[in-house]
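Student: From TrEMBL, for reference:
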DOMAIN    1-91  domain 'Cytochrome oxidase subunit II transmembrane region profile'
DOMAIN    92-225  domain 'Cytochrome oxidase subunit II copper A binding'
TRANSMEM  27-51  transmembrane segment
TRANSMEM  63-85  transmembrane segment
Amino acid sequence: MAHPTQLGFQDAASPVMEELLHFHDHALMIVFLISTLVLYIIVAMVSTKLTNKYILDSQEIEIVWTILPAVILVLIALPSLRILYLMDEINDPHLTIKAMGHQWYWSYEYTDYEDLGFDSYMIPTQELSPGHFRLLETDHRMVVPMESPIRVLVSAEDVLHSWAVPSLGVKMDAVPGRLNQTAFIASRPGVFYGQCSEICGANHSFMPIVVEAVPLEHFESWSSLMLEDA
């Protein structure tokens, strides 16, 4: 959950998000070193009148400043590609959920069950219970078992939407007439919040996403209750 004055990312709740945080730190350190070097060179050039004719025209320096950036780009590209392929891996999901974007709410269908599905609307501010978050709480949460591969099929009924939960490292566009898929594993129990990340219309800011990860036995009890109510 994000909080005021937060500078970094939300705490990771999935293995993919942990990899993304590590890659962010890796890239940020490289950018910091490059920025420090460039700042030093600028200060040195501005603050001294000394020049060296061998520096102004040097084959060796040109080789270095051509090869060094290429090496740095490789050091950034390789872990980036690794994470990209990790995010596309969907191996033997234990549960498949179809998330449909509407103007302006989400509907969820648990495709492994016959009649398990519901709409998820934002709870209005005047109806919030103590401890709930304004503009982020929904009347029905998407409940998933923790430590299980979950596949999410994402589409839209009307316009472009985007199903995103930062803590889980998930963001997938919901395109009308197209079925996109993503996957995640919730590594710990908890409630994780997200929002539509596509500007989809007047109430774009009012269709939040709430994913609740629970132990498997609690998920089975929840699914049984939902099927009884249906």
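Indices start at 1 and increase along the chain as displayed.
Every residue, even glycine, has its Cβ placed from backbone N, Cα and C.
So where do these features actually land, and what's packed around them?
Tutor: Looking at the domain 'Cytochrome oxidase subunit II copper A binding' (92-225) alone, the prediction's average pLDDT is 93.
Beyond its flanks by at least six residues, the transmembrane segment (63-85) meets 16, 19-20, 23, 26-27, 30, 34 of its own chain at Cβ-Cβ distances under 8 Å.
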Student: Short question: which residues 6 or more past the ends of the transmembrane segment (27-51) have a Cβ under 8 Å from it?
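Tutor: Non-local partners: 72, 75-76.
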